[in-house]
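Here is what TrEMBL records for this protein:
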- 17-96: domain 'Signal recognition particle SRP54 helical bundle' (DOMAIN)
- 110-317: domain 'AAA+ ATPase' (DOMAIN)
- 111-312: domain 'SRP54-type proteins GTP-binding' (DOMAIN)
- 118-125, 200-204, 264-267: GTP binding site (BINDING)
Amino acid sequence: MTEDFDQQPKSSWRNRLFGGLQKTSGKLSENLTGLVTKAKLDDAILDQIEEALIISDLGPATAAQIRETLSKTRFEKNPTDDAVRHIIADEIESILAPVAVPLEIDAFPRPQVILVIGVNGSGKTTTIAKLAHNYIEEDYGVMLAAGDTFRAAAIGQLQNWAERIGVPIIAGKEGGDAASIVYDGVKKCTQDGTDILIVDTAGRLQNKSELMDELAKIRKVLGRLNPAAPHNVILVLDATTGQNALSQIEIFGKVANVTGLVMTKLDGTARGGILVAAAKQFGLPIHAIGIGETMHDLKPFNARELAEAIAGISDIEND
Ligand SMILES: Nc1nc2c(ncn2[C@@H]2O[C@H](COP(=O)(O)OP(=O)(O)OP(=O)(O)O)[C@@H](O)[C@H]2O)c(=O)[nH]1
């Protein structure tokens, strides 16, 4: 756990987002630089731009869409690097806008149960802490449930977070029954009038049948108390894993009825384009993005802002 979780950020979200995505936009720039030098974007140049977009993790489908738009665009003057970048940003925005869906909490029933899944190290626990912090700021009552009973360290880590953010937590022992912890959590929330229960789960993708059994058991137990629960099943993905994140969406999607995604570690990675590939390929809501280790570093994203940050459009012109 980082010691700086509650540290106040030194600059605005926008600045941190643009700064954090500099490696991603830099990689794209590096691949694009020198390509747009001709009066016309001919097929050979378009092929190279398409390849540059694929290398930058945006995915073949996005790259093809951008190529198509570029090939149809009638540029008033000779296409400049900047004009091409703006078209890339527009296309990225059109892909991201439909999936930029904040995680809304319904008024009823209480508690709303959010199941958080993802492989170890994806940033799951930190994301739970950040989400809890954000909901507290919005005046919701929040409780955590330590449903990752596979590792004592995971339980301890969540307990630490709960203490630091000042929210109650339901936890059992290592090797305990995750479903019964979730059951106790819902009952306690109902008794106390708590609005949201955020449940950590074990991210054992290596053993799909165990994971499926465990999630099925959690669902069954939850269903006894509230047929609509869990109201959200959020998959946390680490952007730095690039293409691997896409296979995680596919696999978890099959076993866990994922309702939305959170993508973490977009700061400092050259692979931020993967967010666009995920949006294009799966169309699942992307509720929030993580751009650092403090509690101020998780927010719903703005499709335009993110598109500009990835395309490397200078921040100055937007001020
Ligand atoms: N730079 C950066 N680091 C992050 C972000 N989110 C999480 N981390 C760090 O990533 C590491 C792993 O995060 P955890 O929250 O412990 O991940 P987890 O998925 O719960 O993993 P386990 O604890 O192994 O189950 C920690 O050092 C976090 O501080 C982010 O958005 N940006």
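Each residue, glycine too, has its Cβ placed from N, Cα and C.
TrEMBL annotations: computationally assigned, not manually curated.
Since we're looking at a predicted model, the values are computed, not measured.
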Where Thr201 (GTP binding site) falls in three-state DSSP terms: strand
Listed in sequence order, residues with CB under 8 A of Lys124 (GTP binding site) and six or more positions away: Val116, Ile117, Gly118, Asp200, Gly203, Val236
Residues among the binding-site residues Gly121, Lys124, Arg204 that border ligand 1 - Cβ under 6 angstroms, in sequence order: Gly121, Lys124
Structural state census, the domain 'Signal recognition particle SRP54 helical bundle' (17-96) (DSSP three-state): 57 helix, 0 strand, 23 coil
Binding-site residues compared (Gly118, Gly121) - highest count of Cβ atoms within 10 Å: Gly118
